[in-house]
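Trainee: If you look up Swiss-Prot, you'll see Arg284 marked as active site, proton donor/acceptor, on the strength of similarity to another entry. Sequence annotations record features per position, and here Swiss-Prot assigns FAD binding site to 22-25, 51-58, Glu369, 385-386 based on similarity to another entry. Swiss-Prot lists Glu122 with the feature site 'Important in orienting the L-aspartate substrate', giving similarity to another entry as the kind of evidence.
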Amino acid sequence: MTSGQSKHEIRDMKFDVLVVGEGLAALTLLLHLPPSLKIGVISRNKYDEPSSYWAQGGISAVFSTDDDHDKHIRDTLLAGDGLCDEAAVRQIVCEGGDVLRWLIDQGVPFTREDGEIHLTREGGHSERRVAHVDDMTGRGIMRALQAKVAQLPNVIWIRQYEAVELLSDGQAVSGVIAESLADGEVTVFSAPTVVLAAGGLTGLYQYATNPHASKGEAIAMAWRAGATIENLEFVQFHPTAFQIEGRVISLITEAVRGEGGLLYNVANERFMPGYSSQQELAPRDVVARAIYSEMQAHGTSHVWLDITHQGTAFVEQHFPNLVEITRAHGCDLSQHRVPVSPAAHYTCGGIGADVAGRTNIEGLYAIGEVANCGLHGANRLASNSLLECVVMGKACAQSVTDTAGSASRLRLTLPERIETPFHPNLLADLRAILWNHAGIVRSNTGLEIGLQNMAQLQERHASVLPYGQALRAQNIFDAAHLVLLSAAARKESRGGHFNKDHADKAEAQTTQIPGVPVNFWAAGENASHAAQLAAA
């Protein structure tokens, strides 16, 4: 990718803190930052589109006398398969009760039974510890917090803009370049503190559980700003996506299996007892691979999930939204088995950060799914993600408050257009490459083919695109490439990464890809980007 000749000065807006993203981690951060800070939130979405909004199952927290922190920690470490940071796990788990109480205070209408918060159980959990809002927990939490954030006078929403590049010298950040999705106008937003809370990269897969999933843009931007990327090969595939004719209709929450749902293959055989002593409640990577194996063995596109034995009234009471969704597609969850198959659901790795979101770049923070703070390791325990979002958002706010500075107004001259090898169908190509070669089951040959396909995409005849459009293409390409590089570097199978040519575990190590500072807004250096990525 190289710069065009035409340059133009673009407008600039100045903030104390810039937040990229609008999910649960971002909202928690905003509610904990002091009102003295001028905060800008760059959001490409409407309120109902962040991944947090689509979370069905719930939020895990020790909130019962039958449970304790050590049990939750042990379950998390077991699911993480040797790659969790135990200190991070302990910190986040031990704040679970406080998190739940804080959310209640914010007006989150958790489902109750006999006056007490109803706790369900999900895969990998040894106790009932998942609080929920019916079967649409994310929506319930997000609506409550959105109402609170809307009252903050110091928060300026920059809607229908997509961040395309960080302003960084490889040591510190000074702002964000973003493109208007309405008219393509490019704007510099300057700030000494930038918080990335933009989600993961499951939108780069052909089948994903969130219809508006992020595509790794923030991960790519952070990497090009110099941030270290960790464990990006660990993409979690949710075992039970409700699919009709090859299209994902909805996630079927793990809580369905937690409340007694059973899995059957097309031969009407329960198969999970043959894969795990935990049966349907095994960790997600185990269940996803088991379903994949059954689909391969029988040549089918799905298996069956059945909870009809619990009775119509029970299912309608516990899963009203799922009953409505499945009923609308002629397959009522309360009365029939439903077809399910795995789909990309969560990015367990991400930008290397601590629990407060601090990265190796001064002023750059990463919180929520976009970050790798060490909680999830090689595989996320069900319903730990919403807990992580709140804990990281709160801790990040404290760190930002302690270190916040003042921004200098930036005047940049950008190329109006950039020469790029990418084309309008790039996303479809990337989704096919990752699904086929970095999916549920991987191989040395498949990963090699995937990397070759990526190289071929870079060798296509160059076109000239507007600056923002070219950078959006570069971001999704870089994110997909980083997944393949990370997966190829891990010569073992662990958690969400299964390579049939390296089926056993090796020594537990974190995969790290150091950041390669490359800025397309600066003159003269752009042509080196492809070579730097290939050498990463």
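Placed from the backbone N, Cα and C atoms, the Cβ positions cover glycine too.
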Trainee: What does DSSP call Ala55 (FAD binding site) in the simple three-state scheme?
Mentor: coil
Trainee: If you measure from the Cα of Arg284 (active site, proton donor/acceptor), which of the recorded positions Ala55, Gly57, Glu122, Glu369 is the nearest?
Mentor: Glu122
Trainee: Any idea what the Cα distance is from Leu386 (FAD binding site) over to Glu122 (site 'Important in orienting the L-aspartate substrate'), rounded to a whole Å?
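Mentor: Here the two Cα atoms lie 14 Å apart.
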Trainee: List the Cα distance (Å, whole number) between Ser51 (FAD binding site) and Glu122 (site 'Important in orienting the L-aspartate substrate').
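Mentor: Their Cα atoms are separated by 19 Å.
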Trainee: How far is it from Leu24 (FAD binding site) to Glu122 (site 'Important in orienting the L-aspartate substrate'), counting Cα to Cα, in Å?
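Mentor: Leu24 (FAD binding site) and Glu122 (site 'Important in orienting the L-aspartate substrate') have their Cα atoms 21 Å apart.
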Trainee: Quick one: give me the count of other CB atoms within 10 A of the CB of Glu122 (site 'Important in orienting the L-aspartate substrate').
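Mentor: Around the Cβ of Glu122 (site 'Important in orienting the L-aspartate substrate'), 25 other Cβ atoms lie within 10 Å.
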Trainee: Which chain-mates of Gly57 (FAD binding site) that are at least 6 residues away have a CB under 8 A from its CB, listed by sequence?
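Mentor: Within the chain, Gly57 (FAD binding site) has Cβ neighbours under 8 Å at Thr120, Glu122, Val130, His132, Asp135, Thr137, Thr253, Glu254, Ala255, Ala382, Ser383.
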Trainee: What residue among the binding-site residues Glu22, Glu369 has the most other CB atoms lying within 10 A of its CB?
Mentor: Glu369
Trainee: Where does Glu22 (FAD binding site) sit in DSSP terms: helix, strand, or coil?
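Mentor: In the DSSP reduction, Glu22 (FAD binding site) maps to coil.
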Trainee: Tally every other Cβ atom lying within 10 Å of the Cβ atom of Ala55 (FAD binding site).
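Mentor: Its Cβ shell of radius 10 Å holds 29 other Cβ atoms.
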Trainee: Taking the Cβ of each of the binding-site residues and counting other Cβ atoms inside 10 Å, which one has the highest number: Leu24, Leu386?
Mentor: Leu24
